[in-house]
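Asker: According to Swiss-Prot, the record shows the following:
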- 47, 71, 72, 174: Fe cation 1 binding site (BINDING)
- 72, 94, 117: Fe cation 2 binding site (BINDING)
């Protein structure tokens, strides 16, 4: 387990007796640990809610909406945020931490796009020369730390993943979810979707 993790999501969710309680515990964690700023525009929680809203208004599946809401859960768990001096100075692989912590409770339709949303940024930068210029300051800063341009072999490997299309969608929602002051539904809007995606009781 990554030594930077402040708390184990597995431990938190395992204490819940029902799927509904499990989602409530997850949302309480997000509420408690999501008030720090993701970048200069939005908090971690605001970013998650905006991403989920973009997914839902795009008529995404429940799994895609859940992945959008939880895609940065690794940042929540490792208390990564803009005010820390080391934030974006090193790559803590939040996508891997998040996917691993969610894997005991959600299927690959949720966890794999979360795992791939950072490679999806590298992929889009590699196949679309203009994509990088549209990224936020924080995403541009983290891009090189996360690997920079993909090789041809990495592009081919990414495209062979059955969830790569969803990962690209998630990346687009991620990029658009940084609007200061935007009013979107709160966490409870997504309780049904997230609970429906739980695979283990």
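Every residue number used here counts from 1 along the chain in the order it is shown.
Placed from the backbone N, Cα and C atoms, the Cβ positions cover glycine too.
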Asker: Nearest to residue 94 (Fe cation 2 binding site) in three-dimensional space, by Cα, is which of the binding-site residues 71, 72, 174?
Answerer: 72
Asker: Relative to the Cβ of residue 174 (Fe cation 1 binding site), which residues of the same chain, six or more apart in sequence, are found under 8 Å away?
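Answerer: When sequence neighbours closer than 6 are ignored, residue 174 (Fe cation 1 binding site) has 51, 68, 71, 72, 117 within Cβ distance under 8 Å.
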Asker: Should residue 71 (Fe cation 1 binding site) be counted as helix, strand, or coil on the basis of DSSP?
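Answerer: Where residue 71 (Fe cation 1 binding site) sits, the three-state DSSP reduction gives coil.
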Asker: Let's check the environment of residue 72 (Fe cation 1 binding site): how many other CB atoms sit within 10 Å of its CB?
Answerer: 25
Asker: Counting other Cβ atoms within 10 Å of each residue's Cβ, which of the binding-site residues 71, 117 comes out lowest?
Answerer: 117
Asker: Including all protein chains displayed, how many Cβ atoms other than that of residue 47 (Fe cation 1 binding site) lie within 10 Å of its Cβ?
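Answerer: There are 22 of them.
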Asker: Can you count the other CB atoms that lie within 10 A of the CB of residue 94 (Fe cation 2 binding site)?
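Answerer: Total other Cβ atoms inside 10 Å, all chains included: 23.
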